[in-house]
Amino acid sequence: MSELVVIGAGAFGTALAVAMSRDGTRVSLWGRDVGAMAAMRASRINPRLPNVKLPDEINVTSDLSDIRKTGPIIIATPMQTLHNMLDQIDDPLAGRPVIACCKGIDLKTHQGPSKLISNAKPDAIAAVLTGPSFATDIAQGLPTALTLACADESVGLALQHQLSKPMLRLYLSGDVIGAELGGALKNVIAIAAGACIGSGLGESARAALMTRGLAEMLRFSNHFGAQTQTMMGLSGFGDLALTCTSNQSRNFQFGAALGRAEAFDKSVTVEGVATAQAVVEIAKETGLDMPISHAVCDISTGNTSVSEALQSLLARPLKKE
Ligand SMILES: NC(=O)C1=CN([C@@H]2O[C@H](COP(=O)(O)OP(=O)(O)OC[C@H]3O[C@@H](n4cnc5c(N)ncnc54)[C@H](O)[C@@H]3O)[C@@H](O)[C@H]2O)C=CC1
Ligand SMILES: O=C(CO)COP(=O)(O)O
């Protein structure tokens with residue numbers, strides 16, 4: 001019987017644990033909050049996914065030593081907590097695949113999840129699982145397709161086969177940088193799309209933002225060696241399309257609240273805010289032109305209003321597509 005560890009018992013970690021356990025795989029689902037994990041163990045319900053019962057195959061735990069069990073490790077904590085999370089794991093995880101689902105760029109180091117993993121655990125095998133998928137859809141067993149990216153082709157192939165399920169199709173890629181940058185950058189553009197709709201600018205404007213946003217994603221990721229094909233696939237265009245057009249997306253919801261000048265619940269995970277800030281800092285260092293990310297950084301930190309940000313985007317010099 002295969003085994004798997006999922007670190008991070010939020011919506012996404014729990015959804016993946018449920019999906020993976022459907023074929024009898026034994027999953028250890030780790031969360032940091034001892035009380036919340038005890039409650040989840042008793043009720044078999046995660047309040048973030050209230051309609052989904054956790055199967056018996058899932059061992060809900062707050063004991064990090066449970067990750068010593070065999071099998072790949074999936075990390076589904078928010079991006080800005082990954083550095084600290086890896087520091088808490090005292091095992092070197094030698095030879096173990098460590099698969100990040102975090103979508104973002106670390107503000108302190110300007111690195112993505114795979115680099116943080118390789119720096120902290122040089123003997124582990126870093127991989128990334130990303131693409132268009134809401135936790136609720138995965139947990140309910142609705143059809144979903146994701147990118148699994150791993151630089152080690154044979155490990156990637158083995159993971160693709162182990163983690164693909166009848167309703168969860170994993171497409172394999174060797175372009176780890178491209179896959180993780182797609183997931184990080186689409187959140188920034190989704191905030192812009194939400195602000196556009198929330199402030200009543202219309203769906204044509206949103207389509208323009210998505211298209212020019214994709215151009216920004218390509219410019220940025222190509223600079224760091226990503227392949228264009230990856231950005232046009234599930235982890236780039238696919239996730240951009242989902243997140244910019246669905247009210248279920250928290251990044252979209254946050255942008256929409258900004259557009260309507262409404263308050264937003266600070267406890268909700270909105271990965272695009274810190275990533276926009278990291279992108280602006282990286283753009284300053286590299287000279288990359290990232291106007292939408294600049295606008296999102298300014299509106300999400302309260303430096304500019306949505307209408308001022310729009311005016312500055314519209315006032316840019318006309319250029320070739
Ligand atoms: N929810 C979704 O539909 C999807 C989420 N993701 C990604 O998965 C990652 C996690 O997102 P969600 O599960 O949705 O977030 P969530 O807000 O539902 O859960 C986050 C979890 O991380 C835990 N956490 C917070 N700070 C922590 C720390 N310092 N150390 C350890 N654990 C900590 C929280 O207790 C919570 O259980 C994000 O990067 C997100 O972009 C990816 C695909 C879909
Ligand atoms: O990444 C996601 C879907 O693929 C989830 O998006 P949000 O974090 O914006 O909710």
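Along the chain as shown, the residues are counted starting at 1.
Quick reminder: no glycine exception, Cβ is built from N, Cα and C everywhere.
Since the structure is predicted, the reported quantities are computational estimates derived from the model, not experimental observations.
Per TrEMBL, the features are:
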BINDING   Phe12, Arg32, Lys103, Ala135, Arg250, Val268, Glu271  NADPH binding site
BINDING   Lys103, Gly131, Ser133, Lys186, Asp239, Ser249, Arg250, Asn251  sn-glycerol 3-phosphate binding site
ACT_SITE  Lys186  active site, proton acceptor
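Less than 8 angstroms from the CB of Asp239 (sn-glycerol 3-phosphate binding site) sit Thr130, Gly131, Pro132, Gly182, Gly183, Lys186, each of them six or more residues away in the same chain. Cβ crowding, taken as the number of other Cβ atoms within 10 Å, peaks at Lys186 among the binding-site residues Arg32, Lys103, Lys186, Arg250. Among the binding-site residues Arg32, Asp239, Asn251, Val268, the residues whose Cβ sits under 6 Å from any atom of ligand 2 are Asp239, Asn251.
Recorded residues Lys103 (NADPH binding site) and Ser133 (sn-glycerol 3-phosphate binding site) have their alpha carbons 12 Å apart, per Cα-Cα distance. Among the binding-site residues Arg32, Ala135, Arg250, the ones whose Cβ sits under 6 Å from an atom of ligand 1 are, in sequence order, Arg32, Ala135. In this structure, the C-alpha atom of Phe12 (NADPH binding site) lies 9 angstrom from that of Ser133 (sn-glycerol 3-phosphate binding site). Comparing Val268 (NADPH binding site) with Asn251 (sn-glycerol 3-phosphate binding site), their Cα atoms are 9 Å apart once rounded. The Cβ neighbour count for Gly131 (sn-glycerol 3-phosphate binding site), using a 10 Å radius and every protein chain shown, is 26.
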